[in-house]
Structure formats: C-alpha cells, structure tokens
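J.: Can you keep this structure in mind? I'll have questions shortly.
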C-alpha cells in the first residue's frame, strides 16, 4: 500500500478516535523559568498561510527546548489567558509581563491543525491539560519482529471458541516471542504485512514457515482490540507502534563543517532510494553517526523516497548550515520491508510522542521543585558505562550473546561477585566497544575473538537497552566521550569525569568544525537545517 494511503487511513482513524470534542485534544502545560538577562529560548511567530501563534527557532539547550517545546507547537494560553485569537503583539506583551516564570498551554502542530479543520473550540475550559506532556497513550496495535533461534520462536497459535481470529498462546518466558513483545492472548492480524483475517490456522502456519528464519507480526492485545471494536475502527499497521522492534531508524543531526557535511549522496544501481557513501573521516557526517550505505528516508522532516537526486540535494541546500536526516541501515531497511511498513511510522511516533531527550538535553534537564536526585537519576539513565575488569581463574564471569542472523551483542549470565559484576556489567547490557573498538556491527564470532585477544584485562563500553535505544533514536553516537573519557590506548583528558553544560557545548561546537581535509574534486552535499522559521514575507516573530 502506498505511504500516502497509509497516512490517509491513519488520519481518518485519528479523526474517528478523537472525535470533535475538545476533551480529546489535550494541551501540554509547560512552565518556563529564565534567569536575569536570559530568554526563554524560542521565537514566537505568526506566519502567512499558518494559523495560530507558532513556536519557532528553539535555542539548543534553552529553557523551552529542555522543557519539551517543539518547533511548530501552537500556544493556546499564557498564564491561563486564552490567546489563540489575540493579535501577535498582545501575546508577546502577555509573555513579557509574566516576568521570569510563565506557564504556557501548548498544542502540537498536527493536533492543532486537525482541531481547526474540525471546528473544535480550543478555548473550551472543560479540556483537561496534560502537565509536562504526561498522558496515557492511546491504545495501539503493535509490530513485533521475531528471529528464530535453535529452539524455535517460542509460542503456539490457538483459536478460542466464540472468538474470531487466531491468538498467541504458550509464549515461553524469555523466549524469542516473549523478548519481541508477544504476549499470551494477543490476536494476530498480519504476518509479514499480509492480512490473515480470512486465513485458516494451517494457512497461517505455512505463511510463517515461508518467512524462513524471521517473521513480522501485527498483533493487538485484548484491551486495544476492545477499544477499536467499540469505535468500529479498522486496525492496520499504519496505526501501530514500532517501539517493540529490535532495529529502528536513526535521527541524524549535523552542522556543516568547512568542507560541507563530508559525504556523498548517491543512487545505487538495482536499488531504490538515496544512499550515503564515501564518508570523510572526522567529518560532521561521521561524528553524527552516519554509516556507509545508510538510506535517507527524510530530510528535515520531509519524506524523500519519491524525490529525484537533484530534489534531495536541493532540500539539503535549502536548510542552510544544519541538517536533520532520518536514515535506515541495510538490516533495519530489510526488516521494515519484510513487514511492508514504512520507516515513517517511527518518525511519526517519535514526533507525536514525548520523545526521549537527546544526551545534551538529558544532562541539562532542569531539576524539579522536589529533590535534585531525580535530575541526577535522569542524567545517569542516559549514560553508557565503561567497565574495566581483570580476568580471574574463573574468567570474567559473563556470557556474550547475539541475535542469530543479526549484528549486535548483549551481556547475559553475569556471575554475582565475579569480575564483570564488580565492574558494573549487568544482564542485557548492550556491548558497544571492546578495548576501544566499536563492535556494534561486528558478528558474535568477531566480538568474541577481540575479547580473547585482550589477554587478562578487558575494557567494555556498554549501555542498558533503554539507554541504548534512546541515545540511538536521537542520533547520539555512543562513545566514552559521553562519560568525559577516551577509549583505552588514548590519552585521557584531565578534569572531572562528567562534563558540565558549558564543556558539552564547547565539545559540540568543536566537533562541528572538522579540520579542512585536502582539496577534492568530488562535489560534496551541502548543508542543511530546515529553517521553516527563517524570516519570510508576511511573517512576524519575536524572540522570547
């Protein structure tokens, strides 16, 4: 099904689920506080052909960005006063008169436009704001990707009397299905993108077998199934969550260096799409985490699958000195294609949710009014771990596992009191580096060989699954630099182990200015930073 059809169906479904009642459009309440001489870190704009008072030009690390404001958000209230219909100058005055602390009611761009299209009364006092964006997620079906192990997938398919469809049963705890997010009594809707509503039990089993060593399921639990039935709404992959998938697209943010971004954009023979090639060592592209043969899905939030090479280059150029890509590597691309789903599902889910903060955001999250320990916990949650250990007569005291048929290794069976345990390793930690060498794309055998060659001492850079997925989703390259350290074999910098805000900003600025490499004949892809907020005729903005 074309992506446009998915989007249309998803939009129609969204309208059905939301209805025209303002109580389903829940604004976020964001309270900002600024220091003397400081701004809130955003521009308030009105723009031609756009309704409402828009948040634009968010300052990286400013109060607004750290509190969760997003580009394109609309301000509905300022300190309780409804402002959606007020002139721009009056809204600016309200913010300025608020002093050092102002409370904003914010609605995201998509919800605002939908509400306007439906004629929803956004000033309805019965609406229930969502403080700091925390609200119960709408029920969603889920996509689960299973890679068969030597013991199989670890589930059975059953039908139940009086129930339509096939259901998951006998899900083995800790097995492939369980780890992929499958639960007992989940109803099966699709296998590898094919609807199985009218298929028999034997036909579905045969379809699963034809998938070889892996399979993509679309599933729905009892509560979600009931929710959609009550709404008489169709369920499809276009409305599913991708949070259970083991591989995800990556968001890459770059600032152009003196020689551009440092990569070539190419179309490959016998392949559809726009691919990253020839990444310069030390370039902004390499530092941002771009990999050779990554396929670009979006440029500055705009899908480019159907664009020509020239159109993609032009979109990058239009951005100026910054650029944001959504990319997929080969394994992720193949997984999404197996399920006949678009990586845009990930982009839309990240955009519509309260996405996890980037590394720099997490380090600078403002402490809540209560204890400062919460802020400390949040910092630690988004940091990898550098674990150093010496081999004992019993070894290091852990096992290294991998997912069959895929790159990537994770820690299991950490022996309590062993060398690994004392060094801080935990079960399910994902291995990133061994003795300073990145092993994210290494096979299990390659990673084991590196460990064996290490002798009697070992240095592992690891991260919990949660930390790993959040940092990767935000395009953060995971290295010991995030801990203020350098890998083994390199000189360690003096100073505190955890960089403060100023040091991080300086580090980021330095990374954005790579040394100028020798002159090349090749034409590099220019810069980019989608500046829908740049000055344009018929627009008015005010820095706040």
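Cβ atoms are placed via backbone N, Cα and C, with glycine included.
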J.: Which of these ranges is annotated region 'Disordered' in TrEMBL: 427-485, 486-544?
T.: 486-544
J.: Which range wins on Cβ pairs under 8 Å with the domain 'PDZ' (386-466): 29-110, 143-223, 251-331?
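T.: The stretch I would name here is 143-223.
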J.: Can you check how the pLDDT averages out over the domain 'PDZ' (29-110)?
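T.: A mean pLDDT of 86 is what the predicted model shows over the domain 'PDZ' (29-110).
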J.: How does the domain 'PDZ' (251-331) divide up by DSSP, counting helix, then strand, then coil residues?
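T.: Taking each residue of the domain 'PDZ' (251-331) in turn, the totals are 17 helix, 27 strand, 37 coil.
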